[in-house]
Amino acid sequence: MIFSTLEHILTHISFSVVSIVITIHLITLLVDEIVGLSDSSEKGMIATFFCITGLLVTRWIYLGHFPLSDLYESLIFLSWSFSIIHIVPYFKKHKNHLSALTAPSAIFTQGFATSGLLTEMHQSEILVPALQSQWLMMHVSMMVLGYAALLCGSLLSVALLVITFRQDIRILCKNNHFLNKSFSFDEIQYMNKGNNVLQNTSFLSVRNYYRAQFIQQLDHWSYRVISLGFLFLTIGILSGAVWANEAWGSYWNWDPKETWAFITWTIFAIYLHTRTNKNLQVANSAIVASMGFLIIWICYFGVNLLGIGLHSYGSFTFSSNL
């Protein structure tokens with residue numbers, strides 16, 4: 001009873017704190033001068049990290065096994081992973097744009113985990129024989145950490161594509177506007193218009209420079225985070241293969257979860273290849289990463305809804321896991 005009450009308290013505290021953090025982020029987006037608020041949001045995510053850590057440890061002690069045996073626990077661990085990705089650059093004093101993604105991602109996953117849909121899974125249950133293994137912690141934790149990093153990196157790539165697309169549309173519209181005006185006036189008016197265009201161009205060049213710098217930063221952090229997530233995903237798949245051989249007598253069975261995990265791994269392997277290829281534009285790799293965002297959710301959550309395969313321990317009751 002004590003552990004259950006403590007878990008309930010930590011769950012609501014972490015959810016409330018991360019909600020406040022998102023509010024602070026929205027305020028700092030509107031008012032850049034308030035430096036103290038930005039620092040408060042970072043400290044809020046640190047508090048969220050410790051609350052979720054306490055929640056996981058409490059559930060670990062209460063249940064007697066590592067809390068990654070069902071969808072509820074894996075979502076809490078996913079929220080914990082988002083908070084880690086958020087605070088690590090903060091301690092390293094690196095400025096990045098992950099904070100705009102990790103805080104909403106954390107509140108989304110934790111909000112869904114604590115919703116009424118998964119209420120039955122909050123109670124303790126005896127592990128099925130297939131999950132009673134020392135590989136549970138290694139395999140599932142690596143997979144969830146990989147999902148978290150890949151989701152963050154993919155969202156950065158989506159943001160990169162949106163900014164690049166808007167920039168291309170704006171440049172195209174300005175060029176068409178300039179051409180139309182150029183051929184509709186006489187020569188003197190054209191020269192005056194040309195001088196104005198040069199002045200506007202100097203202003204736009206500065207703005208385009210900062211936009212290009214921002215796009216470069218998005219690409220840089222997307223590549224770093226996806227590379228880390230790809231490493232975690234690879235370790236998770238390999239450890240899962242070893243576990244599968246011990247449990248089922250085969251390293252690979254091509255059930256839905258394994259198939260989509262392989263598809264996810266392939267998509268991000270293609271991303272890393274296109275990203276390191278200097279002959280290809282940045283947008284090409286960003287498109288691949290954006291596709292990977294949808295693939296991850298299919299692999300992590302969508303396949304569980306099918307209720308089939310070796311990785312399904314319960315059908316549409318949300319009692320399945322990775």
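Placed from the backbone N, Cα and C atoms, the Cβ positions cover glycine too.
Among the ranges 98-118, 203-223, the stretch that Swiss-Prot annotates as transmembrane segment is 98-118. With a cut-off of 8 Å on Cβ pairs spaced 6 or more residues apart, the transmembrane segment (98-118) and the transmembrane segment (44-64) reach 3 or more such pairs and are scored as touching. Here the listed stretches are 44-64, 71-91, 225-245, 258-273, and the one with the most C-beta pairs under 8 angstroms to the transmembrane segment (143-163) is 225-245.
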